[in-house]
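Undergrad: Please find one structure pasted underneath; my questions will follow.
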Ligand SMILES: Nc1ncnc2c1ncn2[C@@H]1O[C@H](COP(=O)(O)OP(=O)(O)O)[C@@H](O)[C@H]1O
Ligand SMILES: O=P(O)(O)OC[C@H](O)CO
């Protein structure tokens, strides 16, 4: 899709961008106006399936049904019809893997979610064969069950006849973006964008294409793979019951990369942290794919006009999810937001540390065998201390990956821009600034994931003129400055690392 160079959107213009944000726990649709403001939102949670310890699945049809429902509802709430939608942006939980039949469109197995650990053995086998360095140098990733490649291998092994059908071109693989795009285009488009492709273990991030050697090592036929397109300028016309023709998907990116774009971290050295189910720090490294020596991932930040920009990423598996566990597992809060008041009722965690390694540990440890622990309990420990330790654990994990990032990139962060559901928590963000020793900055719109997808789509169709125009829309809501000494922070980080050592497998 070519960019309309001379297009000058007028603020009163009634056209909008529709962003579809398919997250780990809910499907959301958001309508944005030309000022980058949210006009309407609709959100629906869907079922989390835990068929065995360490396994996490979603029903792809439920993902589609909830996403389909919320996009109609968001437009209805905005009082608009499809003719007002200038373009659609899609952003998604990454790595989650769906394999479906090209003929019937039916998934052959539930979606295996990014948090799922069932392929630890496949990863171990590849490590034992000495292949980690090859995968790392080509794909920028590590051999961990987190990434899609071994999940595809598992499905092709476990579903009867799947390998032969994959080789015969009868099956399609996709991350959630591809699955939604397939549904939205009535099976006419089987495509993904470069950011999502870069999370599969199958993609050479330097060449920007699928890698036959990596595919061969995992026994995955090329025939199952989607075409890889730009993140901005995706150009997939919608063909879907209830939607008039003319609507186009013009932007697609994995949710963390979309948040980086939505936070206008568009220059090397700018970083953001998103606190959703997991916690993800991404640092823009420009046109250089910086390899990590400290347990981070190298990933594609976005592809525009055929050119890839790169980021370093620290992926923390459990962030807001630990708050959900206090709510649903322990029952010590009724709503996620209540954690702040409870945790603020004590001055500190009273020596308690909670390591939320519920699905192992991601960056920088990459320990699939680690499991959650609470240390330092005494007769004086209350639910408030545990709540405080849980919030500190989120901040400490983000601190670990941010420090690894500074070491890899050979630079100091100047500030950290934050977003995601748990970024609403002031105590969490103050703790984050204290531990990191840099200002933590929260923008007016925390929904930067959806905003980033909207920007990628809107830039492609000329709804926004250029990056300068969207950068001018970013506004700070609050800044949290460090309020403890580096010595005090280091003491807390050292105590945390002792607890982490005890949680590891
Ligand atoms: N005030 C809060 N304090 C701490 N955590 C919160 C708060 N509000 C929401 N959360 C957590 O944020 C997460 C939801 O964030 P969201 O960005 O919607 O996640 P996702 O996109 O992964 O589904 C949940 O895990 C929830 O427990
Ligand atoms: O759904 P979120 O916001 O927790 O994001 C999930 C990530 O994309 C997984 O890599």
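Cβ atoms are placed via backbone N, Cα and C, with glycine included.
The shown structure was predicted, so the numbers you read here are calculated from the model rather than taken from an experiment.
The domain 'Carbohydrate kinase FGGY N-terminal' annotation in TrEMBL covers 16-262. The feature ATP binding site is assigned by TrEMBL to 24, 25, 26, 277, 320, 324, 421. Annotation source TrEMBL lists ADP binding site at 24, 28, 277, 320, 421, 425. Residues annotated as sn-glycerol 3-phosphate binding site in TrEMBL: 24, 94, 95, 146, 255. The glycerol binding site annotation in TrEMBL covers 94, 95, 146, 255, 256. Per TrEMBL, the feature domain 'Carbohydrate kinase FGGY C-terminal' maps to 272-460.
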Undergrad: Let me know the most crowded of the binding-site residues, choosing from 28, 94 and counting other Cβ atoms within 10 Å.
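TA: That would be 94, with the highest Cβ count within 10 Å.
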Undergrad: Measure from the Cα of residue 25 (ATP binding site) to the Cα of every one of the binding-site residues 146, 255, 256, 425, then give the nearest.
TA: 255
Undergrad: According to DSSP, does residue 277 (ATP binding site) fall in a helix, a strand, or coil?
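TA: DSSP call for residue 277 (ATP binding site): coil, neither helix nor strand.
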Undergrad: Under 6 Å from ligand 2 by C-beta, which of these binding-site residues make it: 25, 26, 94, 255? Sequence order, please.
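TA: Only 94, 255 meet the Cβ criterion.
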Undergrad: Could you find out if DSSP has residue 324 (ATP binding site) as helix, strand or coil?
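TA: Note: residue 324 (ATP binding site) is helical by DSSP.
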Undergrad: Would you mind reading off the Cα separation of residue 24 (ATP binding site) from residue 256 (glycerol binding site), to the nearest angstrom?
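TA: Counting only the Cα atoms, the answer is 12 Å.
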Undergrad: Starting from residue 256 (glycerol binding site), work out which of the binding-site residues listed here (26, 28, 277, 421) have their Cα within 10 Å, and give them in sequence order.
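TA: So the list is empty; none.
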Undergrad: Any idea what the Cα distance is from residue 26 (ATP binding site) over to residue 255 (sn-glycerol 3-phosphate binding site), rounded to a whole Å?
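TA: Residue 26 (ATP binding site) and residue 255 (sn-glycerol 3-phosphate binding site) have their Cα atoms 13 Å apart.
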Undergrad: Can you give me the same-chain residues 6 or more apart in sequence from residue 324 (ATP binding site) with a CB-CB distance under 8 Å?
TA: 25, 277, 336
Undergrad: Which number gives the other C-beta atoms within 10 angstroms of the C-beta of residue 146 (sn-glycerol 3-phosphate binding site), all protein chains shown included?
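TA: Within a 10 Å radius of the Cβ of residue 146 (sn-glycerol 3-phosphate binding site) lie 29 other Cβ atoms.
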Undergrad: Counting only residues 6+ away in sequence within the same chain, which have a CB under 8 Å from the CB of residue 95 (sn-glycerol 3-phosphate binding site)?
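TA: Sequence-distant Cβ neighbours: 114, 146, 147, 148, 151, 175, 199, 200.
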Undergrad: Can you tell which of 320, 421 has the most other C-beta atoms within 10 Å, given these are the binding-site residues?
TA: 320
Undergrad: Give the subset of the binding-site residues 28, 94, 146, 256 lying near ligand 1, defined as CB under 6 A from any of its atoms.
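TA: From 28, 94, 146, 256, counting a Cβ under 6 Å from ligand 1 as near, there are none.
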Undergrad: A 10 Å Cβ contact count, applied to the binding-site residues 25, 277, 425: which residue has the minimum?
TA: 25
Undergrad: Where does the mean pLDDT land for the domain 'Carbohydrate kinase FGGY N-terminal' (16-262)?
TA: 96
